[in-house]
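To start, the structure under review is shown below, and the notes come after it.
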């Protein structure tokens, strides 16, 4: 994996963990997540317009972005539900770990990606570390619903990662990213307005800074990942960005005072080792 791409994905992981932590701080407020998608899209919209090819019509762009827009809407919905029923140190690692494993398997069968032994070992080590982080302690029995939602979130991550890897080979990542976020926000709207109207009002009235954090953080972070998809295997990119799990766990321990255990320490060590192996692949 090219060193500059590796650093690029690590940086994206830090910002990814930050906006996820913001979402957790508002208990997965649906309004914050929904408005955040619009805000992030609008921030990047001028850059997307400047890079849009004259040969690409809005209808063509909509068709290209629709599959990933649907998957991202599912992802955000499941993530919000998972944060309602589980601690960030439980939900976040399970969701991301499922995404890593699912991406590697699907990329092999559907995209024909070949992994080196070192790279494959790194991905397995990262997944093992994520499991140690997420499944240690007593929270597992107490948050079964949160775990189910986290697994569904991971499945959505694997799905949109593969779709996006193919798409950025056809269209500029900025144009594609803004398109997918706008479509995701539109598809997310009925659920947000119908099921959680009070949260939507509360977000707009009292949580504007979290809207900005989640919106700019999620869109900006994923644009970096889309550019990385152009230059590296989707399996490796998906694995390296899980450095965010370490950051998320650290924020949970330091800020939220969640319990630190030996198993979680081993989990962090395994993820770091896995990152080294993937970088060497």
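Even glycines carry a Cβ here, placed using N, Cα and C.
Per TrEMBL, domain 'EamA' is recorded for 7-133, 145-278. What TrEMBL records for 6-23, 30-49, 61-78, 90-111, 117-135, 147-163, 175-194, 210-229, 235-256 is transmembrane segment.
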Cβ contacts under 8 Å made by the transmembrane segment (147-163) with residues that lie 6+ beyond its boundaries: 67-68, 71-72, 74-75, 78-79, 81-82, 85-86, 90-92, 94-99, 101-103, 105-107, 110-111, 134, 140, 234, 237-238
Region pair the transmembrane segment (61-78) / the transmembrane segment (175-194), three or more CB pairs under 8 Å: yes
Most Cβ pairs under 8 Å with the transmembrane segment (117-135), selected from 6-23, 30-49, 90-111: 90-111
Within the predicted model, mean pLDDT of the domain 'EamA' (7-133): 86
DSSP-assigned states of the domain 'EamA' (145-278) in counts, ordered helix, strand, coil: 114 helix, 0 strand, 20 coil
Cβ-Cβ under 8 Å with the transmembrane segment (6-23): same-chain residues at least 6 beyond its ends: 29, 32-33, 79-80, 83, 88, 92, 210, 213-214, 216-218, 220-222, 224-225, 227-228, 237, 240-245, 247-248, 251, 255, 275, 278-279
